[in-house]
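Novice: Supplied in structure tokens, the structure appears directly below.
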Amino acid sequence: MTIVLIVVGAALGAPLRYLADRAVQAGHDTVFPWGTLAVNVAGSAVLGFLAALPAGSGVMAFAGTGFCGALTTYSTLGYETVRLAEEGARFHAVANAAASIVAGLGAGYCGAALAQAVS
Amino acid sequence: MTHGAVDPDVDLHVPGQRAELSWSVLVVIAAGGALGALARYGAQSALPASPAGFPWATFWVNVSGCLLIGVLMVVITEVRQAHRLVRPFLGVGILGGFTTFSTYVVDVQRLVAWGAPVAGLVYLAATMVAAVVAVWCGMRVTRRLARVAAR
């Protein structure tokens, strides 16, 4: 059952990352990868919320391991950071790594605070 | 070397990717994402972290996924023309579903909450550094091998 929940969650989360990334990029025209930052921050907020509730094992398999796990990505973040540096946008590369960490952790703690407020 | 594409998921600066949105692309991303997430779950189940312990499984999942995306992107953008579903399936789907940023963030919170803030900070920084180095190594080695093969 856990495996089914993970599969369904990830099958929703991965395409949503792709669609959200497209939508964010369509709204601006810079080299900075705002789309990936947006999905990583959003997924961190949701998982921070669920982990702090704490949600049951079924919900964690579906929404945590599956949906948030597939919605967020480290491979894309790492590749973008290296590509920005290769293109000569060193400041953007460092800013991308730093902003991901700061905004991701901030979002995770906001999610956890919200969980404590409602539970 | 190709220039322009920075985002391996989808980069609207690349004309071909502006037009690629279709059901077939979304289906292969969903299938790849599910496979990647299952592989991550398998790694985390095989190497479970104690509450205050260093999350090695997630660390290696993220670092190996970064190494592989470096290899993949060089192969499909610089070495050979790939089928239009290869990047969505392998890059966006499998590697995107395999690696995770949200678990990384919650791992750091868990380490801090269980009284291991130093481990949390080390994990926070080490993952980012190792991820970037892994992507760079994957790209570099693949470019070198492609040059050797082309001679």
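Along the chain as shown, residues are numbered 1 onward.
Positions of Cβ are set from backbone N, Cα and C atoms, glycine also.
Pulled these from TrEMBL:
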type: TRANSMEM; residues: B:21-42; note: transmembrane segment
type: TRANSMEM; residues: B:54-76; note: transmembrane segment
type: TRANSMEM; residues: B:88-106; note: transmembrane segment
type: BINDING; residues: B:Gly96, B:Thr99; note: Na(+) binding site
type: TRANSMEM; residues: B:112-137; note: transmembrane segment
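Locate each feature and note its surroundings.
Specialist: If one looks beyond the transmembrane segment (B:21-42) by at least 6 residues along the same chain, the residues whose Cβ comes under 8 Å of a Cβ in the stretch are 58, 61, 65, 84-85, 88-90, 92-100.
Counting residues 6+ beyond its ends, the transmembrane segment (B:54-76) has Cβ neighbours under 8 Å at 8, 36, 39-40, 43-44, 46-48, 82, 86-87, 90-91, 95, 98-100, 103-104, 107, 111, 119, 122-123, 126-127, 130-132, 134-143, 146 in the same chain.
Using a 10 Å radius centred on the Cβ of B:Gly96 (Na(+) binding site) and all shown protein chains, the other Cβ atoms total 37.
Within the same chain, residues 51-55, 59, 62-64, 66-67, 69-70, 104 sit at least 6 positions outside the transmembrane segment (B:112-137) and bring their C-beta atoms closer than 8 Å to a C-beta of that stretch.
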